[in-house]
Amino acid sequence: MSEAVPRIAQIPNLVDLFPDKVQPDTRPGYQGYLVGREHLLEVVQRLRDEYGYDYLSSVTGVDYLPEGKMEVVYHLYKTLGGPALVLKVQMPREDPRVPSLVPLYRGAEFQEREAWDLLGIRFEGHPDLRRILMWEGFAGFPLRKDWREPYFEEEAKPFKSRWPEGFVFRAEDRNPFGDNVQYPPGFDPETWTPPDDEAIYRVLKRASEEDDLHADTLVVNLGPQHPSTHGVFRMVVSLSEETILDLKPVMGYLHRNHEKIGERNTFLQNMPFTDRLDYLCSMSNNFGYALAVEKLMGVKPPERAEYIRVMMAELTRFLNHIFAIGFLLNDLGAYFTPALYAIEERELILDIFEAVSGSRMMCNYFRFGGVARDVSPDILEKVRRLVYDRLPRKVDEMDEFLTRNEIVRERCEGVGVLTAEQAIANSASGPVLRASGVPYDVRRAEPYSIYDRLEFDVAVRYHGDIYDRYLIRLDEMRQSLRILQQVVRDIPEGPIMTGKPQYQVRVPPGEAYGRVEGPKGELGFYVVSNGKPNPWRYHVRAPSFINLTSLVDMARGAKVADVVAILGSIDIVLGEVDR
Amino acid sequence: MNENEMTSPGYEIPPELRHQVTITTLERIYNWGRANSLWPMMFGLACCAIEMIATAASRYDLARFGMEVMRPSPRQSDVLIVSGTVTKKMVPQIVRLYNQMAEPRYVIAMGACASGGGPFKEGYNVVSGIDKFIPVDVYIPGCPPTPQALLNGLIALQKKIKRQSLRDLPWYQKGPAEPIPVPVLGPDLMDPRKFALIREVTHRQAVQDQQEGEVAHE
């Protein structure tokens, strides 16, 4: 078998390996392989066990309405590094069924539920196939191309009513209910029985009947309005006394229809929407989306723009991690003082963002082929002072105050452990993966931008508990500063855009998956273009969302008081979880 | 409140007591107290909540206005800052939280989304502004509003409170207040106040569909 195992950078030729079961995707602009749905499990299992594709990064569906087909797209990676192996399963639109990959990769669980929720693709063998972002009972599958939202106006922007005449009306006035709602014809609200939460409670593990003590199982709901859930997130926990038996995350309370709106928007109109995904790190989100579309367009930003991009992305990482540490301490009970310390430096970084982009949080700074505005010398000087002086002192200060603190250690060490095997199987990414001992960082595994030229180490810790997830954020902040110091030292003069800035970009047909190492983990954008000004499919592989798969593994067996700290250590942002 | 505001005209205060005694109306002193000890609910929805946190932190310091005591429980809070996009899945919870707040209670719609749907208005899961369900006192524009804008909104709310009269506010009238009916999640969001309208329109649509079907059949 040894000669058949390819080198890391090569993608094995699946047609040779699985004749009759796999064929290459020959559509122009597409890559990867088409797999028959009856062979999917077998092919993927062999790829995982024999060829090292142990990391299922992204699962999503595409509705090819004109061809009458649905497609499920899988992006597989090796945790040793290397490019993606893209597998696709096509099926007729009338019969969208595909075997579930949850038995092989637990990380597919939420993503498959999402595809079922929004596209109506049924994953056979999925242990808990319920709606995840919308609620049970919602009518229709919103991301299907023939489904229309209540405020539907036209298939694609710019809408004729607004442009060029600029005649604007209130969407409410065109809806018969005067609101953003629609109901099936003949529907009577009086006869509706709201589906209760029984479906969630039913799948929770309870104390077993054979248990000698016959202890009762207590089901506790935390959220969606709870001071420590970092937004509108809900956990349903079943408890035996104080120990957690099982946990189900319930999300969708901030589902803002990012993807549906994104498919109506033009390519550039999506850029400000990506800001609002992970609203703490808008610059990183811009980066991922710009990379995906640039891959399709085949443009490369000039040297100075690359440096500016990396500078902004690393400042964002610093900002996010210091915020995450501050609020982890908040969750541990050190109410607001550590967070106040963290926010102080965050404001200084936000000042830089405001100076270059005009907005503190929603920067909307990246463009396809460059950035929106140049960085002036005095801003660079400010950044230089920050990264050489103020920010390193801040990391040391946090380190000194917190790392050896007895209470922090008592509450964090050995709590919420996630093993390396679990982390990989759950498709965890970012600090959660690396704190479990897997040194996987997209900046090194599949370098983008100028990261291959920069000197930095991939931080890794080996215990996989809350304490290590805290420590790894400190490590990464130090590495970010190292990168920033190189960037401000080496940043060249020159243009910041390839070509002329334009509002309507020409994107050739095809698909692209752009991914960056965001502060929360691997942030991927899957974009399908059919040559029109709007993306045909626009999907976000959200790290916070997929990292939550590991929450139950971390929480099982822990005490109920720890679950808040465990959630804090994953560092989720609900804008990205629910999109 | 300065001395001129406090002292109502028409009363002579002897000179020796001028800096120790002040005369005002019950309404003014009561509103002055209320306006300067507003406790917001610790309740964040989306991006705007991060700016709300930044407002509470040291640079902008909400404590200067007597509002730093964020309460996680609706029973103990005076003002609900709806900070972010209101989704259909979340709005029953928000209405419930509002109903649970003790009167007098105020609502601030922070940001474009809470005021009217914002950039996500066209989305299928987004409510076009929280004022479709609960009464709003102050709207703050911005996406997200800067901390300065939020402070400005809170000061606007304080001014509004200082103008209020005990005589005509709904919560000082006799009889208990009616809670706002909690919306129901059906095939889409259903406002109990609109059930009749929903039935009427969907019935009309069904009849129309049937007629079109017959025409197509012929």
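Numbering starts at 1 and runs along the chain as displayed.
Glycine residues also receive a Cβ, built from the backbone N, Cα and C atoms like all the rest.
The annotation transmembrane segment is assigned in TrEMBL to B:38-57. If you look up TrEMBL, you'll see B:C47, B:C48, B:C113, B:C143 marked as [4Fe-4S] cluster binding site. Residues or ranges marked as domain 'NADH:ubiquinone oxidoreductase-like 20kDa subunit' by TrEMBL: B:47-157.
Here the features listed in TrEMBL are placed on the structure.
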{"residue": "B:C47", "record": "[4Fe-4S] cluster binding site", "DSSP (3 states)": "helix"}
{"residue": "B:C113", "record": "[4Fe-4S] cluster binding site", "DSSP (3 states)": "helix"}
{"residue": "B:C143", "record": "[4Fe-4S] cluster binding site", "DSSP (3 states)": "coil"}
Mean per-residue pLDDT computed across the domain 'NADH:ubiquinone oxidoreductase-like 20kDa subunit' (B:47-157): 90
Which Cβ among the binding-site residues (B:C47, B:C48, B:C113, B:C143) has the fewest C-beta neighbours inside 10 Å? B:C143
